[in-house]
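J.: Pasting a structure here, questions to come.
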Amino acid sequence: KSETTCSSLSLRLQRDVCLLSRFPSLNTAPVYATKLQAFHTSLPFFKKKTPKESETKEPGVLERSMKALKDSPKPALYLSLAGLIPFVSVPLSMAIQGTYSPELAFAQITYGAVTVSFLGGMRWGFALPENSPAKPDWLNLANSTVLPILAWQAFVYEDITHGAIMLVIALGIALHYDVSLLPTYPRWFKVLRVLGTVVMVFSLLATAALKTISEEQLSKSTNKWQNTK
């Protein structure tokens, strides 16, 4: 009797297993699980970035310029910075004294014209040697003669402001020659040229601005004196 009951139970279990195997939802569950697992592992943001995949930040323009400036020869760096003293000292002394000095302004224009002529002649000295990367062609030599002509033109104007503006134009042309048009100078020299040109231009414009302010104050005081009279 016990054997018959066991056999009947085993038959029922086999039938239940067969019935369960006929449902498709239960058979496809492992497939969905494997798909979800594959999708989970394939997402990029779940993966940890290795040091090779992490992007290295490149230094900016300012950082590269400062590095190139530090790599410049010390005599060239110190002499170039010392050459900016006559430019900066003129508007600085006028601002400290609170008065405009035509003599100091003319001295600044003279020194600026000499500097522009020096920048033009420097190209000749760079292009004439045999082993120089720059060729002594029309592009290098003829463009260099433009700067002394502009420097001479600064003395033609009677007004100091017009002379300062002419020197600003000449300095901009010289910088264009040395940085982009005739790019054979080393990087440290180009950075030094940009720095020096910015200081010279702002110094000349500061002197012209002080002259304008002084003339306005003088005209106001003259009108006030005439009105009181």
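Yeah, the Cβs are placed from backbone N, Cα and C, and that goes for glycine too.
Any TrEMBL annotation is an automated prediction that lacks curation.
Note that the coordinates shown come from a computational prediction; the quantities given were computed from them, not determined experimentally.
From TrEMBL, here are the annotated features:
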{"type": "TRANSMEM", "residues": "76-96", "note": "transmembrane segment"}
{"type": "TRANSMEM", "residues": "108-126", "note": "transmembrane segment"}
{"type": "TRANSMEM", "residues": "138-155", "note": "transmembrane segment"}
{"type": "TRANSMEM", "residues": "161-179", "note": "transmembrane segment"}
{"type": "TRANSMEM", "residues": "191-210", "note": "transmembrane segment"}
J.: Ranking 108-126, 138-155, 161-179, 191-210 by the number of C-beta pairs under 8 Å to the transmembrane segment (76-96), which range is first?
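T.: The stretch I would name here is 191-210.
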J.: Against which stretches of its own chain does the transmembrane segment (138-155) lie, if we need a Cβ under 8 Å and a gap of at least six residues from its ends?
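T.: Result: 109-110, 112-114, 116-117, 119-124, 126-127, 163-164, 166-167, 169-170, 173-174, 177, 181-182.
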J.: Looking only at residues six or more beyond either end of the transmembrane segment (161-179), which have a C-beta under 8 A from one in the stretch?
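T.: Long-range Cβ neighbours of the transmembrane segment (161-179): 105, 108-109, 112-113, 116, 119-120, 123, 143-144, 146-147, 150-151, 153-155, 185, 189-190, 193-194, 197, 200-201, 204-205, 207-208, 211-212.
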J.: Can you name the far-off residues of the same chain, 6+ from the ends of the transmembrane segment (191-210), with a Cβ under 8 Å from a Cβ of it?
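T.: Answer is 65, 68-69, 72, 76-77, 80, 83-84, 87-88, 90-91, 94-95, 100, 104-105, 108, 112, 115, 160-161, 164-165, 167-168, 171-172, 174-175, 178-179, 185.
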